[in-house]
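According to Swiss-Prot:
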BINDING   Asp8, Ser12, Gly13, Ala14, Arg15, Ser72, Asp221  substrate binding site
BINDING   Ser243, Gly281, Gly376, Gly377, Ala378, Lys379, Asn380  ATP binding site
Amino acid sequence: MVVALGLDFGTSGARAIACDFDSDRSVSVSVTFPKTSQNWPQVWREALWQLLTQIPADWRSRIERIAIDGTSGTVLLCDREGQPQTEPLLYNQACPIDLADLADWVPADHAALSSTSSLAKLWFWQQQFGALPPDWQILAQADWLSLQLHGCSQQSDYHNALKLGYSPDRERFSKNLLDSELGALLPVVHEPGVAIGPILPAIAQEFGLSPDCQICAGTTDSIAAFLASGAHQPGEAVTSLGSTIVLKLLSQVAVSDRLTGVYSHKLGGYWLTGGASNCGGATLRQFFPDTELESLSCQIDPTKKSGLDYYPLPSRGERFPIADPDRLPQLEPRPENPVQFLQGLLEGLTQVETLGYQRLQDLGATPLKRIWTAGGGAKNAVWQQLRQQAIGVPIAIAPNTEAAFGTARLAAFGLAAFHSAGLKRT
């Protein structure tokens with residue numbers, strides 16, 4: 001029986017799920033990060049060792065493949081042995097650079113043309129240091145953690161490498177970037193799930209793991225959550241109804257739109273495209289605690305319209321499906337009846353999701369066929385009915401949404417379920 005281990009490193013903690021896919025059995029453990037740290041690599045490494053220690057010994061000894069997912073855009077510089085030479089720059093840290101400086105290295109619509117991208121952070125470090133030693137390397141969070149297990153320098157996957165300037169359709173970095181002073185620091189890029197190498201003997205012995213256990217190329221946390229859902233057909237999508245609304249659609253065609261933050265990740269023979277609105281559960285919680293949301297939702301008749309026309313932003317600014325940094329919340333008029341008010345908010349959020357999928361299809365993505373729902377809002381049956389009425393495709397709660405489970409699935413099976421005849425790009 002093959003056991004695969006998926007490790008998910010998020011912003012507030014880490015989780016590990018070991019899965020025996022032959023018997024549908026699994027074991028899960030987790031750790032929480034401190035809110036702040038002066039040494040994030042040490043926090044991550046200690047969390048990695050804690051997770052391995054917490055997995056029962058009889059499970060550990062049967063693990064044959066391991067993969068790690070991490071936060072997209074969180075990167076650090078280290079030497080070839082993996083010793084950090086800088087503090088990491090986190091996913092949401094913008095770098096004060098001129099994006100025009102990156103224009104010769106990536107296409108005009110590339111996801112790396114952002115002040116928070118990994119490439120922007122590498123260029124920022126180059127400006128800060130004056131010159132970077134050619135025997136250093138830039139690694140994403142997941143890459144660096146994998147290095148602790150396999151010991152192979154400069155290894156990444158094409159999901160984490162996208163924001164570093166990697167072009168998945170061409171399967172390479174541009175010649176201009178490779179020939180630049182940054183080229184020596186770039187990683188070798190693998191398909192997610194491909195084995196990079198065996199676990200280091202000392203690590204295997206310390207934690208009671210098989211010396212034949214393979215460490216595989218990883219992915220990002222958001223893609224791992226998509227993999228956990230089981231969606232694998234073009235036209236299938238996952239909507240995450242959390243503090244914000246995040247859409248991910250499996251498409252036969254890659255689409256992009258820098259204005260609204262839409263870009264596409266290669267996923268085997270398909271593309272995973274999507275966008276994220278600022279609207280979501282954060283707006284609902286401004287007005288209702290969770291218990292009240294549940295009780296009021298039960299009183300809504302979804303077959304009758306509220307008559308309200310809201311755009312429920314939590315504060316100024318929207319990014320997708322409408323790019324408008326000055327857009328204000330539209331939450332008036334507010335009726336005295338809280339049931340009607342909540343219905344108006346849910347209808348507004350539903351409209352945002354509807355417009356989002358329409359925007360992806362306007363850009364040329366594969367038509368939407370089915371939605372799997374993740375996040376706290378997935379449990380709201382009335383909201384689901386409103387969404388199904390508006391969007392017009394089957395909607396169901398995703399059977400699994402744990403990123404660590406998706407990464408365990410990636411370690412076990414790679415991207416075999418996503419390979420098709422060919423890739424297209426608009």
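Yeah, the Cβs are placed from backbone N, Cα and C, and that goes for glycine too.
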Helix, strand or coil by DSSP: which one applies to Gly376 (ATP binding site)?
helix
ATP site span - longest C-alpha distance across Ser243, Gly281, Gly376, Gly377, Ala378, Lys379, Asn380, in Å:
14
Could you give the Cα-Cα distance between Lys379 (ATP binding site) and Ser72 (substrate binding site), in whole Å?
27
Largest pairwise Cα distance, Å, within the listed substrate binders Asp8, Ser12, Gly13, Ala14, Arg15, Ser72, Asp221?
16
List, in sequence order, the residues of the same chain other than Ser243, Gly281, Gly376, Gly377, Ala378, Lys379, Asn380 whose Cβ lies within 8 Å of the centroid of the Cβ atoms of the recorded ATP site.
Leu241, Gly242, Gly375, Trp383
What's the most sparsely packed of the binding-site residues Ser72, Ser243, Asn380, counting other C-beta atoms within 10 A?
Ser243
Rounded to the nearest Å - Cα separation of Ala378 (ATP binding site) and Arg15 (substrate binding site):
21
Among Ser243, Gly281, Gly376, Asn380, these being the binding-site residues, pick the one whose CA is nearest to that of Arg15 (substrate binding site).
Gly376
By Cβ count within 10 Å, point out the most packed of the binding-site residues listed: Gly13, Gly376, Gly377.
Gly377
Candidate with sparsest Cβ neighbourhood (10 Å radius) among Arg15, Lys379, the listed binding-site residues:
Lys379
List nothing but the one residue from Asp8, Asp221 whose Cβ has the fewest other Cβ atoms within 10 Å; the candidates are the binding-site residues.
Asp221
Excluding near sequence neighbours, so keeping only residues 6 or more apart in the same chain, what lies with its CB under 8 A of Ser12 (substrate binding site)?
Thr32, Phe33
Within 10 Å of its Cβ, which one of these binding-site residues (Ala14, Gly281, Ala378) has the largest number of other Cβ atoms?
Ala14
Take the C-alpha atoms of Asp221 (substrate binding site) and Ser243 (ATP binding site) and report the distance between them in angstrom, rounded.
16
